[in-house]
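Participant: Mind having a look at this structure? Questions to follow.
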Amino acid sequence: MGIKLLLAAILIWDFITCAFGFNVSADNMIRIGLKRRPLDLYSVKGARIYAKDHHKRGSNRNFDALKDEIVYLKNYMDVQYFAEIGIGSPPQKFAVVFDTGSSNLWIPSSKCIFSIACYLRSRYRSRLSTTYTKIGKSCKIPFGTRSVRGFFSQDNTKVGNAVIKQQVFTEVTREGFFTFLRARYDGVLGLGFQDVAAGRVTPVWYNMLLQRIVTKPIFSFWLNRDPKSSFGGEILFGGVDSTHFRGQHTYVPVAQNGYWEIEIGDLFIGNNSTGLCRGGCPAIVDTGTSFLAGPTTILTQINHAIGAEGIVSMECKTVFSNYGNLIWENLISGLQPGRICHRIRLCKHNVSFDENVHSYEKKMVVRNSKLEKLSNDESALCSFCEMTVFWMQVEVRKERTKEKAFEYVNQLCEKLPDPRGKSFINCDVFSLPHITITIGNKSFPLSPDQYVIRIENNHGAHCVSGFTALDVHPRRPLWVLGDVFLRAYHTVFDFGNLQVGFAESA
C-alpha cells in the first residue's frame, strides 16, 4: 500500500469516527522498553554495513542523468537494543530488533531444522496458535551479503499492550550459521517503508495505523546514554515523550521513501570543515546498527584527527607519489577538481568533459605505466586519485603551504579505515575533537565520549571508533546515522509529514 493511500485511509477513518460519534482516543500510544546488551570484540569486528548502488541512465547521455537507487544491507552483528513481542494466540515470545533500516518482520520457524542457530533461539510454532493463517509463499530477505530464507505466514502480533490482527511475517527456515549462532535476539521487526519490504507485504507500523492502534502517524526513539543502566531506551509509537529530550526538534524531510533517508550538510572535525557534503549528502537514519557509517574519504580524515588505527595503502601512496605535484598544480591553476583524475587517465574519460584534454592526456601514458605492475584494479586507482584530489582541495582552501599539504595527505594514506573491521583507539579520549554533523542548517556535535565505543572484557578495556567506512558511489556518498548518533539525539520519525526530527537527548 502506497504512503498516500495509507494516509488517505486514515483521514477517511477519522471522518467516519467523527461523523458517527465513535469513541477513539486521540492519545493512543504504545510504549516499548528496550533492553541493551553490551558489545563484545567479536561482534564489533564482525559487524558489516553494505550498500549497493543501482543506477539507471536516462535519455540524456550526460553522467549527471544517472538515477541512483541505493539498496542498503547489514548483518546485525553489532545490534545492542531489542525488545520482546508476541506472535500467535496465545502469544509466543520473541526478542526482536526494532529496525528503521528494513521493513519486514521475520522470526525463526519450527520448520527451521537444518540451521543450528535456530535450535538456540525461540521458534514460531503455527500449530500452537488458534489465529494462524497459512500463506506459504516462499521469500528471501537480504541479510548482509546473503539472505535469510523462509515463507510468509499470518497471525496476530502483540507489540507492547496492543495486538495487530493478522500481521504478515516471515517464518525463517534457513539462516547464516556464524552470524546467528552468537545472536541474542530472535528476529527483526522492520520499521521502514513498504517500498523496500520483501514481497511488498504491509509492515507492522502500517498496520498499527490502519487498525487504529495508534492515531498519530509518528513514532520516536530514545536511547539511554547511561552505559551501566539495564534499561536500554524506549520506542513510543503514536507520540513523543517530552521527558526524553531538551529543547525543540529540528525536522528535515525524508528524501527517499524506501528508507528513512534525509539530507545532511557539512561535517566538521573540531572547527574544520571536511567539505564533502557542503552541497548535501544522503543519510539513512538506522536504529538497527551501532555505528555511524560514511565515505572513506572523510573517515580517513576522522581517523587521523582522533588517532584511530588505520591501514597503510600502497596504492594511495603510489598515486600520491607519482601524481601529487600534478594534482597540486591543477588545483592551484583553477581546474575543476572533478576533471583532474580523468585528465591524468587514472579514471575513465567522461564523455561530458571537454574534448580538448586529449592532447594533454597523451603526455600521461608514460607516467601511467609506473602503476601497471602495482594494480590492475582501475577503479581502485581512480578512487585513490579522487580522494587525493579531495584532501588536497581541502588544504588549498585552508591556504596551507604545499609542504604542509603533502605531509598531511601522506599521513592520510596511512590512516585508511580497514574495510574488514573497526578502528581501535586510545581510551584516553578527553583531548579528542568533537565531530559535528550539519542537519537542517543546525549543528549536531558528537563529543569523544559519545563517538568512542568502550568494550570491557576479562583483559581490560578496549576502545573502538564509532565510525565505520561505507562506500557506494563517489558522486553520491552515503551516510548511516546509527546508535552512536541516536544515543546523543532523541529522534522522531514523522510518517504523516514524511520528516525526521532530532533534539538533544535528556
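Backbone N, Cα and C atoms are what each Cβ position is placed from, and that goes for glycine too.
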Participant: Looking at TrEMBL, which one of CYS118, CYS139 makes a disulfide with CYS112?
Facilitator: CYS118
Participant: How many other Cβ atoms are found within 10 Å of the Cβ atom of CYS118 (disulfide bond), counting all protein chains shown?
Facilitator: 21
Participant: Counting across all protein chains shown, how many other Cβ atoms sit within 10 Å of the Cβ of CYS112 (disulfide bond)?
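Facilitator: Here the count is 23.
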Participant: Can you count helix, strand and coil residues in the domain 'Saposin B-type' (311-351) using DSSP?
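Facilitator: Taking each residue of the domain 'Saposin B-type' (311-351) in turn, the totals are 27 helix, 1 strand, 13 coil.
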